[in-house]
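Residues or ranges marked as [4Fe-4S] cluster binding site by Swiss-Prot on the basis of sequence analysis: C44, C47, C51, C79. Summarising the annotation, Swiss-Prot assigns Mo-bis(molybdopterin guanine dinucleotide) binding site to K81, Q148, N173, C177, 210-217, 241-245, 260-262, M370, Q374, N480, 506-507, K529, D556, 716-725, N800, K817 and lists sequence analysis as the type of evidence. Residues or ranges marked as substrate binding site by Swiss-Prot on the basis of sequence analysis: F792. If you look up Swiss-Prot, you'll see 37-93 marked as domain '4Fe-4S Mo/W bis-MGD-type'. Sequence annotations record features per position, and here Swiss-Prot assigns signal peptide to 1-33 based on sequence analysis.
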Amino acid sequence: MNLSRRDFMKANAAMAAATAAGLTIPVKNVVAAESEIKWDKGVCRFCGTGCAVLVGTKDGRVVASQGDPDAEVNRGLNCIKGYFLPKIMYGKDRLTQPLLRMTNGKFDKNGDFAPVSWDFAFKTMAEKFKEAFKKNGQNAVGMFSSGQSTIWEGYAKNKLWKAGFRSNNVDPNARHCMASAAVAFMRTFGMDEPMGCYDDIEQADAFVLWGSNMAEMHPILWSRITDRRISNPDVRVTVLSTYEHRSFELADHGLIFTPQTDLAIMNYIINYLIQNNAINWDFVNKHTKFKRGETNIGYGLRPEHPLEKDTNRKTAGKMHDSSFEELKQLVSEYTVEKVSQMSGLDKVQLETLAKLYADPTKKVVSYWTMGFNQHTRGVWVNQLIYNIHLLTGKISIPGCGPFSLTGQPSACGTAREVGSFPHRLPADLVVTNPKHREIAERIWKLPKGTVSEKVGLHTIAQDRAMNDGKMNVLWQMCNNNMQAGPNINQERLPGWRKEGNFVIVSDPYPTVSALSADLILPTAMWVEKEGAYGNAERRTQFWRQQVKAPGEAKSDLWQLMEFAKYFTTDEMWTEELLAQMPEYRGKTLYEVLFKNGQVDKFPLSELAEGQLNDESEYFGYYVHKGLFEEYAEFGRGHGHDLAPFDMYHKARGLRWPVVEGKETLWRYREGYDPYVKEGEGVAFYGYPDKKAIILAVPYEPPAESPDNEYDLWLSTGRVLEHWHTGTMTRRVPELHRAFPNNLVWMHPLDAQARGLRHGDKIKISSRRGEMISYLDTRGRNKPPRGLVFTTFFDAGQLANNLTLDATDPISKETDFKKCAVKVEKAA
């Protein structure tokens with residue numbers, strides 16, 4: 001569909017209004033008069049905010065983009081990265097053909113990259129897959145995917161691995177950012193994802209940020225919070241962090257605490273609520289139940305590590321029946337005096353924060369991102385903030401609630417909702433539940449027993465298995481884990497380069513990961529393919545393909561579906577399975593999984609006239625619609641309802657559950673959520689008893705703390721101008737010039753004590769590796785004494801040479817925020 005910007009906006013204005021009101025109306029296919037630039041709607045490629053954009057194309061290239069003024073999320077605004085979206089696609093080193101390490105025309109793990117055909121690449125891959133399966137079984141092959149993949153790419157990966165290969169070794173890079181949040185949602189409410197939405201911002205009286213620099217990481221949402229704060233003098237903003245950053249500029253209360261003591265701070269708040277009779281007993285008695293967590297649960301390190309000795313690591317996720325009295329006893333030791341000493345916050349700061357949550361007249365929204373999630377007790381801190389909101393009843397109502405912000409455009413839609421984790425299936429189903437496996441097998445038309453009950457390997461376990469030779473093939477898609485993941489030198493790189501292992505990286509650019517792989521597959525980007533993302537407020541948004549990918553680059557979806565043709569059921573399935581469905585004998589996995597009468601049932605005629613759609617044209621049917629409608633069957637009628645496919649192309653996103661054409665803004669609350677019956681008031685229907693869990697857990701120390709040799713805390717993160725590993729943003733000249741290289745931020749007195757000055761070339765070292773960088777004592781980030789901060793966007797400075805691969809033992813998410821380092825002047 002080619003529209004001028006004016007006609008596009010006119011055609012969608014009524015739809016935007018109708019969608020906001022929960023209505024649906026038909027939209028005609030308006031074809032604009034010839035215009036130099038043709039416009040269509042899209043979704044920003046960066047963070048999890050889900051900003052809508054208008055994409056302008058000319059002569060087969062994206063030449064312009066702007067914020068969509070009719071979009072509810074961003075209201076016409078973009079951040080600095082969003083304004084340069086077109087340029088992410090046109091870096092000079094864009095990959096356009098498959099590249100395989102070769103010597104004399106044959107694969108050689110130590111050879112140089114040489115161009116090959118797609119067929120040669122896939123035949124080589126298939127050979128390596130089959131060798132690995134034969135050597136080490138179904139779990140010898142792994143997929144590390146992405147919260148940047150489109151919804152149907154994530155769904156196809158899940159289906160190929162869990163149904164086709166009968167292996168649950170699929171993990172997304174959301175493991176590094178959202179796993180703790182997802183696990184805590186499931187443990188607390190029996191369902192994943194936030195109950196509120198961005199509309200809370202305009203109705204809240206107070207905002208509390210826990211480990212979240214929204215000013216730089218979610219700037220569009222921060223602009224809405226800023227507007228709310230400036231236009232309402234009684235609104236308050238509190239920011240808690242281990243160092244000062246740009247979000248402190250708006251804060252009424254800026255609190256810098258000692259790393260890991262957020263656990264103690266929240267237990268103090270709970271103690272304050274109890275001691276000051278600030279518990280909403282009516283809410284608590286009707287809608288909650290009490291549990292206590294297993295303690296001394298270890299740090300997700302290798303079993304032989306000293307920190308794993310004599311721990312309850314094997315039962316880390318267990319929750320025991322408990323009571324309010326037991327919670328009261330546990331938190332009683334977290335007095336204001338003790339927590340002040342532990343955290344470094346003064347008593348007034350702590351009491352002011354506790355009073356904010358305790359005040360029944362104040363609507364409070366708590367936001368957090370990686371400061372909570374990338375934490376060796378990330379699940380606990382997530383559940384502790386839920387405790388506070390549940391104990392006060394400040395949840396599931398406009399302007400009140402706990403809200404986990406995502407960092408990737410579809411960490412929710414693709415990683416979590418699709419179930420791209422090694423223990424999950426779509427719509428919060430899990431592989432360990434036989435009834436859930438039966439649902440998947442029914443929808444996917446598979447023999448009973450096809451989906452394995454064995455939980456696959458998470459990414460840190462994949463790294464270790466590759467290093468140990470127990471997993472032999474890894475396919476990495478749409479991420480740069482060799483730069484983004486922890487402990488590069490000791491685990492990941494040795495495993496990737498180990499003789500006998502084979503690594504495939506699908507990427508549009510020659511990243512650190514790609515250059516460490518054996519085979520590089522060139523991928524289509526952003527609007528070079530039809531796509532869908534799910535943002536942090538449960539909003540599912542679609543866009544159409546608007547330009548073609550360069551050269552031989554293909555979408556990840558095409559790669560997955562085409563690769564499925566290189567395997568047959570006879571090779572991958574047991575005789576017991578084939579005997580149940582003999583009609584599947586000899587068929588390719590492509591035929592069984594994708595050309596199955598469901599995915600392929602929508603003809604090409606359902607595409608908009610003149611609409612690009614390379615995958616559908618290649619396979620001969622409307623691939624995306626078929627995949628989506630099959631996927632949506634998992635959640636409809638179960639609180640995860642998605643609208644019909646065609647609705648999303650007409651709207652600017654819809655927040656699930658979408659029931660009878662109406663989206664849901666606040667879940668679990670009568671009058672807002674169609675799954676809450678009249679008279680229930682609140683129903684946390686993820687659990688059969690419709691009650692949420694309040695969990696009693698203590699403070700436990702981090703895996704590594706500063707000592708005499710490594711005397712500083714290291715925290716890693718991002719800056720406004722760059723996104724993750726900089727694969728896209730460093731190829732935008734304007735963004736690169738604005739922030740060309742990584743820095744290490746340090747307190748001026750810490751620098752002085754080491755004989756260092758602002759701008760010095762330094763060496764920062766940990767027990768795992770080192771990095772050469774430059775010192776900043778005057779910039780936007782202002783660490784307290786004893787802590788340094790750095791970023792990971794710079795491929796020339798691999799910050800994750802330093803980080804420890806300690807994880808939360810429950811969520812398996814890495815703690816990138818706390819390890820011990822030393823800093824000295826570089827030679």
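Yeah, the Cβs are placed from backbone N, Cα and C, and that goes for glycine too.
Structure coloured by features recorded in Swiss-Prot.
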{"residue": "C44", "record": "[4Fe-4S] cluster binding site", "DSSP (3 states)": "coil"}
{"residue": "C51", "record": "[4Fe-4S] cluster binding site", "DSSP (3 states)": "coil"}
{"residue": "C79", "record": "[4Fe-4S] cluster binding site", "DSSP (3 states)": "coil"}
{"residue": "G211", "record": "Mo-bis(molybdopterin guanine dinucleotide) binding site", "DSSP (3 states)": "coil"}
{"residue": "E216", "record": "Mo-bis(molybdopterin guanine dinucleotide) binding site", "DSSP (3 states)": "helix"}
{"residue": "E244", "record": "Mo-bis(molybdopterin guanine dinucleotide) binding site", "DSSP (3 states)": "strand"}
{"residue": "K529", "record": "Mo-bis(molybdopterin guanine dinucleotide) binding site", "DSSP (3 states)": "coil"}
{"residue": "V719", "record": "Mo-bis(molybdopterin guanine dinucleotide) binding site", "DSSP (3 states)": "coil"}
{"residue": "H724", "record": "Mo-bis(molybdopterin guanine dinucleotide) binding site", "DSSP (3 states)": "coil"}
Candidate with the highest Cβ count within 10 Å, taken from the binding-site residues K81, K529, H724: K529
Helix, strand and coil totals (DSSP H, G, I; E, B; other) for the domain '4Fe-4S Mo/W bis-MGD-type' (37-93): 8 helix, 20 strand, 29 coil
Intrachain C-beta neighbours of C79 ([4Fe-4S] cluster binding site), sequence separation six or more, cut-off 8 angstroms: F46, C51, P219, I220, L720
The domain '4Fe-4S Mo/W bis-MGD-type' (37-93) [mean pLDDT, rounded to integer]: 97
Neighbouring binding-site residues, C-alpha within 10 angstroms of C44 ([4Fe-4S] cluster binding site) - of K81, E216, E244, K529, V719, H724: K81
Which same-chain residues, if any, lie at least 6 apart from E216 (Mo-bis(molybdopterin guanine dinucleotide) binding site) yet have Cβ under 8 Å of it: H245, R246, S247, R718, V719, L720
C-beta crowding around M370 (Mo-bis(molybdopterin guanine dinucleotide) binding site), within 10 angstroms: 26
Local Cβ density at C47 ([4Fe-4S] cluster binding site) - other Cβ atoms counted within 10 Å: 27
C44, C47, C51, C79 excluded, remaining Cβ within 8 Å of their centroid ([4Fe-4S] cluster): F46, T49, G50, N74, N78, K81, G82, P219, I220
Under 8 Å by Cβ from F792 (substrate binding site), counting only residues of that chain that are 6 or more apart: Q483, A484, T716, R718, H724, T725, N742, L798, A799, N800
Three-class DSSP secondary structure - the residue listed as 'substrate binding site': coil
Number of Cβ atoms other than its own within 10 Å, given for G211 (Mo-bis(molybdopterin guanine dinucleotide) binding site): 24
Greatest C-beta neighbour count within 10 angstroms, which of the binding-site residues C44, V719: C44
CB contacts for E244 (Mo-bis(molybdopterin guanine dinucleotide) binding site) [other CB atoms within 10 A, all chains]: 20
